[in-house]
Structures are given as C-alpha cells and as structure tokens.
C-alpha cells in the first residue's frame, strides 16, 4: 500500500469549551495558537460525557473513559451503563447467569443470596441493580431471598446508608419477597488490601451467623450511628429472629449473586467463598459446598463463578488497525497520563502492538502541580517533535496533562499558566507537522480548566465538567481536507474513524463511530 499521510493526534487533557465567566481559565489565558487554529481550520465540538462515552446519563467524563472511546472508535459502555441498558431493554431479566441462580434457588431448601454495596454511589455498585435483581426474584417466585447489605459512606455521604436501607426495605415490602440477613460496612466486606481479618468478620457473619447481632437492619445502623460509627465502618452484624437465630446464612448448595460491578473490592470475599482448596488467608468458620455463585462482572478470570456481564473487549482499536497494515506509530505523555495514551487508548491492552513505540516522560516531583503548572509539557513536546520530524511514524499520539492536573488543584492563576504553556507547545507541534506535510488533529478527552468556580459564587470547583471539547482538523494547504465541513453532534468515538478517513484506510466493522468529515473538497 502507498504510505498514508502522517497524522498527529494531540489530546489536550481537561480542555473544553466552557462558559464565558470568571472561572474559565482557558478563556482567561492568552492562547494565540488555539485561537488561530479555531478561526482558520475546520472545527466542531464533541460530547464527552454521559451516554456519549458509555457512562450513565449526565455523568461527567474522565481520562480513562475518554481515551478508551478515542482509541476504540466506538462507544465503550462502562459496566454500570451496560447493566442499566440491560434493565431498560429487559435483557437483564433473561440473563443466563441469573437464570442459573434462580434455577438453583428453586430447589427445596435453597436460598438465593444477594450480596453487595447498597446506595447510589455508582462506583462499585448501584442500588437500582439490586432492586432489579429483587424484581427478577419476585417474578420467578423465589421464596427465600436473603440480602447481605454492605453500607458505603465513602462514595456516598457518611450516614446516607440508613436512607438507602429504607429504600431497600420498602422495595422488599412492595415486592413481597426477601429480607435483609446481614449488614456490614464496606471497610470489612470490601477490603482490597489483604487485611483479611476484616474480610473474616464479614465472612463469619454471612456464612456462619457469627458476630454482633440485631433484631432488624435499621437497628444495626441506628446503633452504629449512636456509637459514632458511620456507614463505611459498621461492624458486620447478623440479623436474628426473636429466638436469636440468624435469619439466613449461606449454606451448602445455595445460590449467591454478588452484584458489585467493580472487581477490586469484591475479590477477597469472593475468593473466601469459592476457593475449595488452598485458601489460607484466614481459618473459615465453615465453607459452603456446591455453591452456585454469580458475579455481576468478571472479578478474576480463574474464579469458579458465573459472570453475568462479561468484559467488553475492544478488539480492534485504532492502534491495531494501523499495526495490522504495517504502519508505525508513536505514543507519548508524561507519567500522569501515560496509561491513557497506551493501555486505555489501545482498548485495555498493556503490550504495544507491533510497530508501536512509546515514550514515558516523567512528571515533575512536586507536592502539587500548581507549583509547576508547565509540568513536563515542554519535554513531551520535545519527544513528539522528534518523532514527527523523523518521518518514521504514520501516527503520533500526544497528551498534554496540564489543563486537567493543574485544574484539579483549584488554583486559577496556575491553571491559566498551564493552559498558556500547552498553547505554546501546541505551536511547536503544529510547526513540526507542517514541516512533513502531515495532518494535525487537536481534541480533548473531557473538560476541567474551563470551569474552576461554581457559577455565581467564589467557591472553587476542582472536578471535571460537562462541556463539549474542540475538534480541529489542520490539513496541509494542498490537501483536499483543507476546507472540509465537519458535522455537529459528534462524540469522542468519532475521532478514530475520522483519522482513518484522512489516512485513506478502511474502517473496521467493530468501529461504529462515524467520521466527522461530511463534505470533502471537490477533486478529492
């Protein structure tokens, strides 16, 4: 094949097009390069939050999700969104793994156990998924459904657990199925740091009914609050009947559904429940045999469980498309964003594709980045320019971390300085690309420095934003792409298909994004 034109993709991390108000560090900054590019070349904006990047509605984007979508050329639905969509379209209620658990729970003497973090934090789980499981059990006529409720207080307010529990109890009453069998703070039930003594307390309560007791789940939480113990740290508590007997424990042959969708804090308890042989982390009070265990997501490939929602594997990211046709590529960023231009951009793949070179530029060792707002952008630029002018690569990927990382500090003047530094660096990249008659594509993954004050107040805002990001196509003067029209309504998943069109490469079926180019020049 003929060598395609070189394309350099620059990701301005945390640079969105925000409101014109005193908290917008990007508007406050002197950015002659970006101003000229936006005024001179084809430009549009891209949505980078919510369903457009595979997140729940209205949830702000982040660097991991942004780079996944940029590299995949399709919307990569995060697990929480995949589960939400399955509930919406009804496929959740036909899920094969869940049906297997229901079949087991229908057998005489069996119990269906639903285990996980309650609340609306959305980081490890979401209560609406538990409520959907309860509805599923009710539809199936399962007589015994035991809920083992883990309280949050970390991704939710410290004492919001009681309200989430009340919502759960109301659902149990409405559906006329199920009961709460144990209450445990996530500090114990969801440890991830090999503090197995914490996991043991949760295990003992869930499997053997050992530990402190309460007559109701509300009593367990209210008593903890009275002792100054917030949701995260509620000691595993067994709910007992009038005779002091546990309402339910996990027994031989039962069915268990662990409804957390994030793996890291679900692994230890799952291992304790399923490891038949060499488990030595703590002495188990009892090990229930012949469990049928379902996990909402894949926690570990080797766990002997059924997985309700298998990983969404990005099999053909942009980096692979380029590699498969023998093109070389170069990815660079400083430490803070290196994983994003490698692992995440490549669809969750650690190893480089054949022909892919990478360069990590160390981030400065400072307590906070407002103390050095330029971070390592000049050094990243040096590396990128060298790669571009070498003409060894058909594709160069560059990330500038400054608008995001300095924006997170909340120091407005430093964020302005960070934006101005990145603008100068972008000018150097543009010159290098021009020198080899290449194409420069400028975009971002999400916003940050565009809103640093809560509107109408002087309160500092340090989180990401839900503003669209720029997409600018800088083409050589002789190129048919020099004056194309770019469509509106695009999203990050449309960037890779656009790059493939510029390079004259076919778009694989797996990439469901659409090129942003809608009106190529006459004579192309």
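Cβ coordinates are placed from backbone N, Cα and C, and glycine is handled just like the others.
Of the residues proposed, 63, 390, 515, the one Swiss-Prot records at the same Mn(2+) 2 site as 13, 445, 446 is 63. Within the set of binding-site residues (124, 192, 265, 464), the lowest number of other Cβ atoms found within 10 Å of a Cβ is recorded at 192. The binding-site residues under consideration are 408, 446. Their Cβ neighbour counts within 10 Å are lowest for 408. Annotation: 63, 404 are the recorded positions among 63, 155, 263, 265, 404, 408 whose CA atoms are within 10 angstroms of the CA of residue 13 (Mn(2+) 2 binding site).
For residue 445 (Mn(2+) 2 binding site), other Cβ atoms within 10 Å of its Cβ number 33.
Long-range neighbours of residue 155 (substrate binding site) (same chain, six or more residues apart, CB within less than 8 Å of its CB): 119, 121, 122, 123, 124.
Using a 10 Å Cα-Cα cut-off from residue 404 (Mn(2+) 1 binding site), the recorded positions that qualify among 63, 192, 263, 265, 446 are 63, 446.
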